[in-house]
Amino acid sequence: MRLYLAVAAGGFRRYAAYGTATAAGVFTNTVFGFIVAYTYVALWDERPHLGGYDQAQALTFVWVSQSLLAAGSLIGGGFQEELQERIRTGDIAVDLYRPADLQAWWLATDLGRAGFQLLGRGLLPLLAGALAFTLALPSDPLRWLLFLLSVALGLVVGFGVRYLLALAAFWLLDGSGVNLMATVVTIFFSGMLLPLTVFPGGFGEVVRLLPWAAMLQVPLDVLLGTHAGAGGAVRALGFQAVWAAVLLGAGRLVQSAATRKVVVQGG
Amino acid sequence: MAEVTVAARPEAGGPGRRPYEPARGRVGRLREGLRGYRLIVGMWIRSTMAYRASFLLATFGNAAITVLDFVAITIMFSHVDALGGFTLPETALLYGACSASLGLADLLLGNTDRVGARIRDGSLDTMLVRPVPLLAQVAADRFALRRLGRIAQGLGVLGWALSELDVDWTPGKVLLVPVMVVAGAGIFGGVLVAGAAFQFVAGDAAEVQNSFTYGGCTMLQYPPTVFARELLRGVTFVVPLAFVNWLPALYVLGRPDPLGLPGWVAFLSPLVAFAVFLPASLAWRAGVRSYRSTGS
């Protein structure tokens, strides 16, 4: 456990080292926040209470999703490209030789990275949004605690999906195609383009049950308090926990299949 | 991917080979730059085709990313009849034009965002000793043919919008549609070159240009009436993104400009593209001239 804490701290420090990149990211997230916020204002002016949100809640949705975007690697980034490159070049053989579990190692680095990006890239855009628009941020500390818990579960679900993608490189070698497809799917089905509650009919119902919903939509609903009562919040967290467990388990299965496939050459 | 030297090196003038002579004059340099660009692009296309399944997935994904953007817009319009007073086909016109323009600029110049990384790892030095203009090399670096996906998708939506809209066509409007897409690509291209130059100052800040390219396109795909007037002034007079598609499309649709600019302004897009490229290329030159290598 101490090993993985050290690995996570390393992930945090590694991303903290690039100050300009962080500032550039904050700038970009803020610009996007403003653009999307204006379109939501127009949309919610036409249709108040669309998707069960009032305008302040919709705007909160915009700005908090911009804040979570880097931490959740929702538009790419994160560890999987590095792991794919290690698989392609064969460096993975060294990783498999280490006295540490491959999945836990990468989960620790990714959570460390996400921890930094949550603070470094999350706080300022949200502050900018709160200054420029009326947001519906809760004042109840318990709600924030549940939100942070839900974000953490969402990060693990996101890791679970990306770990499977990374391992696909054992068969495909070049991961850029699957990464791009995964980004497409994540952007759409996480609720980043449009809250999933706005998606129509049966399609919307299916979309809200997919693992991508656990990455952004569920944490935001926990923050906005749209789940009625404590029971609703617990159900939401349970939904995320189930997906996290399923995906991590699938990751282990694929990992064992992949490592049986590895042939280490050279001496 | 191993570095591949494409153009002949000065000392590589072996038997039967014309010794390298730098091109003279502005036109000669331009021609040489384009030739170098073409050769590097050809190399990257061959390299892409080595992983064909991945290429097909990536091209499809590239189109799909923007398709889903458009699906989100149609979901919005399933709840409302008009957004900011614009109908779905009108918004689709804005969306298709901007997406095609950005796709085109991204295909031709998009990889300039790797300049910062190249400065950091020192590989820009390798490029500087090659007899091909640096901008041509940087623009062709890791040329991504998959970006055709976005262009095709943008043009598809544009075509659908034009077939749905009831436009009172005049020769001027017909001419303006292709001009809008090409000039829009020119404006985005200028922004990309300026972004590349900025990386000489702040190498890790490549993401800032995404605000103006991808962020700009996200904004331009919605009607201008949705946004605050200060923002409209900013993207008309400071970073003239409004000329990419808003002003030409408003003219085609016969709608007035929210800022009250006269209709003929719609035809200025090519000039605006030139006006963006000029300071951008000067900034690029200043950046190259001030470049100090990171050392060994």
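Positions of Cβ are set from backbone N, Cα and C atoms, glycine also.
Any TrEMBL annotation is an automated prediction that lacks curation.
Database features, via TrEMBL:
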TRANSMEM  A:21-41  transmembrane segment
TRANSMEM  A:61-79  transmembrane segment
TRANSMEM  A:118-138  transmembrane segment
TRANSMEM  A:144-173  transmembrane segment
TRANSMEM  A:180-203  transmembrane segment
TRANSMEM  A:223-250  transmembrane segment
Winner by Cβ pairs under 8 Å against the transmembrane segment (A:223-250), considering only A:21-41, A:61-79, A:118-138, A:144-173, A:180-203: A:144-173
In contact by Cβ distance (the transmembrane segment (A:21-41), the transmembrane segment (A:144-173); 3 or more pairs under 8 Å): no
Same-chain residues near the transmembrane segment (A:21-41), Cβ under 8 Å, at least 6 residues beyond its ends: 15, 55, 58-59, 61-63, 66-67, 69-70, 120-121, 124-125, 128-129, 132-133
